[in-house]
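Heads up: the structure comes next, in structure tokens.
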Amino acid sequence: MMRRRWTTTVAITLASVLTLAACGGSGGGQGAQPSSGGGDAKKQVEVFSWWTGPGEADGLKAMRQIFEQKNPSYTFFDAAVAGGSGDKAKALLQSKLQADTPPDTFQGHAGAELQGYIKAGDLEDLNFLYDELKLRDVFPAQLVDQISVQGKVYSVPVNIHRSNVLWFNPSVLKEAGIAGAPKTLEEFVADLGKVKAKGKIPLSIGSEWTVTHLLESVLLGSLGTDAYNALFKPGADWSSPQVTKALETFKTILSYAGDPQDDWQPAAKQVADGEAAFNIMGDWAYGYFHNPPEGGLGKTSKTDFDWAPSPGTEGTYLWLSDSFTLPKGAKNRDGAVAWLKVAASKEGQDAFNPKKGSIPARKDADQSLYTDYLADALKDWSSDKLAGSIQHGVSVNQPWLAAITEAVGLFIGSKDVAALQKALADAAKANAQ
Amino acid sequence: MRRARTWLPGLLLVAPSIVAIGVFVYGMLGWNFRLAMTDKHDEVSEGKFVGLDNFAGIWDLPRWHLSVNHAIMFTVVFVLGALVLGWFLAFLMEKGIRGEGTFRAIYLFPMAISFVATGIVWRWLMNSGMGERAVGLNRLFDAIGLPQWQWFRDPDWGMAAMALPAIWQMSGYVMALFLAGFRGVPEELREAARVDGCGEWGVYRHVVLPLLRPVTLSALIILGHISLKVFDLIVAVSGKQIITDVPAVFMWVAVFDSHDPAKGATIASYIVLSVAIFVIPYLVWSVRKERRS
């Protein structure tokens, strides 16, 4: 009797230890599974992104096909994590990087967003690739300049989005007696007032990040391109009276905003439905307005909705870009480099961008592929001055953006311009480098 | 040898869980507190010991005050709401209505849903659109002539609205607890009270409620600790917005957006401590009670 109890005890103990070990094992092995069965000797390339939505996932697939054609010895492993602007993906990536098990290549907004990874020594610099493919000749010089850190480039930009776009409903404007899109912030404020008098929502907004998005357009429109770009240099002066004036304008504009919607889509929809007159959102909104239902609203451009550079920013492209990187310690470095080559190529970018609804970062794109809004964007991209987006990771690194987001979130409640300016100045002091 | 035989098998049986809890709960807690007492404000720096600086410094942040106030408002509304509603449901149920089993199942069902799913449904129900743009509850209220609300977007009372889905989800569970408590009150005691001239209300006031005190206390602790560390519900309803910020969301932002491990660890420590305020007195009380009996 006694003996049996002993064996039972030992068996249960062993079993529980084994279960624990098994749990640990399965967690660690995730993501290392080859994506294709059949036991072929193909090496896989793990590509980590947050492109899972309509449009963007199709673009990724198009680029993947080119990659697999050109590199028959590699298989593409799609490690995409759902979630707009990569919130959840970035959190998962953080844990992968800290555990020293990086994906072979990961998506990140080009620019300062990557600074943290660079500082932590997670990324290889890509100067060798830029030299080999002569990428400095095909990307705009200002773009390469704005994503370089001490002379080194750490990512390959695949696409360009524009942040400073004013979307509006032409018939609502007409009803309010507004002739065309406002050119300056003063005109904009006046127009907002006219719409309000007609009982429509002057400016639609979404959740708090869309307000930060609005802020960057207002800052750019009020300060001008050079002063805006200077805000992100070391020792920049966020306490200047010019910034105060910009923030006061921001407060005025915000006072015309409608009830905050859940996200940017419902806010854009208010414009498309004729409930609201204006919305300031990045040009990914074009796909939402224009694409057929399921994935879009199926509206006709120029009649149901129209666009212009946000007030006071004509001639400047407030840009952001998705890019791919080369993490140090990638399991399949050669495969990752092969992927980067496709991502940097004209063929890859022209396959990806028309589907995603963005323009290529390269200057030599096939213009016939880009129509309607995208044709406008391509034209402006080749002639405009460039300024980097705040909300989308070009001009500020992640801690800085978190501090700005927090300041704007508190401002929405308090409407206290002095407190906002102080928080912005503190954030710059703590993070500019 | 003989003595070892009596205690060793038992010890071996629990050893794996003791080790696992020791490492993954208490070890991690200790590691977290140590991290909170360093100046490791980005991922690459080493982090020197700074004592309680972070714990004091966090009170200078306007956002911290906001998130603590939000957590308190959420906790008060949620705990009271769930207790009162749960108690009331149990009270009705105890009166022996027909189809009690069915009702019990209906009220308990929300507990089977995760806070995330609850949050996504209630995000739509509590949409702040009004008038023609109203959906969800506002549309319903409009139709029956009740005032419309901003719900969780209300700058002052938003967190009270945020507690509604939590109340909806947990009050069935509280009902089950109270129902068990009601059933545990011996019929003889009630009869004795009635014989002594107690009215029905008096029976509850002087006999049943005092006997329910342990149940109430357990319910309070279970709800309280859920409430103080609430994260998933808030994120599902409103995301990481400041207007519904609570310490757990602030912690997530500090770690993954601000890349400030020490700040995140400090907030995590405060969450653990605030829960401990609820749990430790309860543990002390129950240990004492066990010893007495």
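Glycine too: its Cβ is placed from the backbone N, Cα and C atoms.
Taken from TrEMBL, the feature domain 'ABC transmembrane type-1' covers B:68-284. Residues or ranges marked as transmembrane segment by TrEMBL: B:7-29, B:71-93, B:105-125, B:157-180, B:230-255, B:267-285.
Counted over residue pairs separated by six or more positions, the transmembrane segment (B:157-180) shares fewer than 3 Cβ pairs under 8 angstroms with the transmembrane segment (B:7-29), which leaves the two as not touching. Looking at which of B:7-29, B:105-125, B:230-255 has the most CB pairs under 8 Å to the transmembrane segment (B:267-285), the answer is the stretch B:230-255.
Sequence-distant neighbours of the transmembrane segment (B:230-255) (same chain, 6+ residues past either end, Cβ-Cβ under 8 Å): 63-64, 66-68, 70-71, 74, 114-120, 122-123, 126, 152-153, 155, 158-159, 162, 165-166, 261, 263-264, 267-268, 270-271.
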